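Below is one structure, written out as structure tokens; the observations come after it.
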Amino acid sequence: MIRTDAKDGALVLFSGGQDSATCVAWALERYQTVETLGFDYGQRHRVELECREGVREALKRDFPAWSDRLGDDHMIDLSVLGAISDTAMTRTIEIETAANGLPNTFVPGRNLMFMTIAAAIAYRRGLRVLVGGMCETDFSGYPDCRDDTMKALQVALNLGMDTRVVLETPLMWLDKAQTWQLAEQLGGEALVELIRVETHTCYVGERAELHDWGFGCGECPACKLRKRGYEAYLKGERVTEAPL
């Protein structure tokens, strides 16, 4: 059910992936105006950006209650991030775990830059809420996905911009099975199918084969996580509902 008491508009970080697409739907269920924001930073899996418009069009077409709420889309060239990053997300190198215990898919500063730019755009657009798909339940250990990081960043943004912006991370405490379940709660099987077919997660950008859980190579950490979560979701292994 759409909340009619929503007063604040939201800006959603939308990459074209499963998590961020679920966050767009989550925001559409809550706010009268929802805009989306993507970043081109030279990511190896740039195909995800090409999925964004298809997802937006499907949300407008297949979910009439959300259609009028989905507003403008913004795309930011952040190639400087790719230029200063030497990671498996921005270079064609083998995905592996670095000496510090983090996978070499970690892009230092990425979410910090994303949220800072998003806050500046939201300030200009009169939007008070920023929504991101960060999660520290099923995740790769990225420090900029942690709840503490997001809370600290919210404080810094409000101090630095003399405003009152709220950072919402609806997936923070959900595993991937619960994220699929949340999509079903928000938009039924139609939204689950949209996310399965239209979004992209694979780190290497493979989009040649459609698996039960979506497109991807099936071998990279992102594909394995998405596959495992989808299979658990289908089996109903999470008996508690994902919190709306």
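In case you wondered, yes, glycine gets a Cβ from its N, Cα and C as well.
According to Swiss-Prot, the feature ATP binding site maps to Phe14, Ser15, Gly16, Gly17, Gln18, Asp19, Ser20, Ala21, Thr22, Cys23, Val24. Residues or ranges marked as Zn(2+) binding site by Swiss-Prot: Cys202, Cys217, Cys220, Cys223.
This view paints the features noted in Swiss-Prot onto the structure.
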| residue | record | contacts (Cβ under 8 Å, 6+ apart) |
| --- | --- | --- |
| Phe14 | ATP binding site | Ser20, Ala21, Cys23, Val24, Thr36, Leu37, Gly38, Arg52, Val55, Asp73 |
| Gly16 | ATP binding site | Gly38, Val47, Glu48, Leu49, Glu50, Cys51, Arg52, Val55, Thr199, His200 |
| Gln18 | ATP binding site | Thr179, Ile195, Thr199, Thr201, Gly214, Arg226 |
| Thr22 | ATP binding site | Gly133, Pro170, Leu171, Thr179, Leu182, Ala183, Leu186, Ile195 |
| Cys202 | Zn(2+) binding site | His45, Phe215, Gly216, Cys217, Cys220, Ala222, Cys223 |
Using the CB centroid of Phe14, Ser15, Gly16, Gly17, Gln18, Asp19, Ser20, Ala21, Thr22, Cys23, Val24 as the ATP site centre, which other residues of the same chain sit with their CB within 8 A?
Val12, Val55, Gly133, Thr199
Any idea which of the binding-site residues Cys217, Cys220, Cys223 has the thinnest Cβ neighbourhood at 10 Å?
Cys217
I want to verify one value. Collapsing DSSP to three states, which class is Thr22 (ATP binding site)?
helix
